C-alpha cells in the first residue's frame, strides 16, 4: 500500500501494523522504534483514524486492549504521545491516570504499564 513495507497498511500518510505478540508498554514502544524508521506505538488524531485502526486490529485480536503511544512520562506533566505528536483527539473511558491503552471499542483505558499487551506500530509513509 502506498509506500508502506510489506505487511503494513496505509492510511492518510501513515503506515500501521498490528503485532500479535504481547509486550509491556516500554518494550512495545522500543520494538516499534526498532522495527521501522520513525516508528512508534500508535497515536490517534481523529475518529476516522480510530475506525481505521479498529478495522485493522479487531479482525486479528478480537476484543482486547492494545498499547498505544500515550503515557505520562513524569508525574504532574502533561500527557503526550510517544512520537511527540500533539494530543488533539481524546477518547478517555474514565479518568486519565498513569498510562494510556486502547480497546477495540474506541475507549481509552488506564492500564499497568508492565502488563503484556498486543500493540500497533505507526510510522510516516
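Just so you know, glycine gets a Cβ as well, placed from its N, Cα and C.
Annotation source Swiss-Prot lists disulfide bond at 4-15, 32-121, 98-113. According to Swiss-Prot, the feature domain 'C-type lectin' maps to 11-122.
Ranked by how many other Cβ atoms sit within 10 Å of their Cβ, the disulfide-bonded residues 15, 32, 113, 121 place 113 at the bottom. Checking each of the disulfide-bonded residues (4, 15, 113) against residue 32 (disulfide bond), the C-alpha distance stays within 10 Å for none of them. Cα spacing between residue 15 (disulfide bond) and residue 121 (disulfide bond): 8 Å, rounded to the nearest whole number. Its own atom aside, the Cβ of residue 4 (disulfide bond) has 17 Cβ atoms within 10 angstroms in the protein chains shown. The two recorded residues residue 113 (disulfide bond) and residue 121 (disulfide bond) have their Cα atoms spaced 17 Å from each other. Cα separation, residue 121 (disulfide bond) to residue 4 (disulfide bond), rounded: 12 Å. DSSP assigns residue 32 (disulfide bond) to a helical segment in the three-state reduction. In the predicted model, the domain 'C-type lectin' (11-122) has a mean pLDDT of 81.
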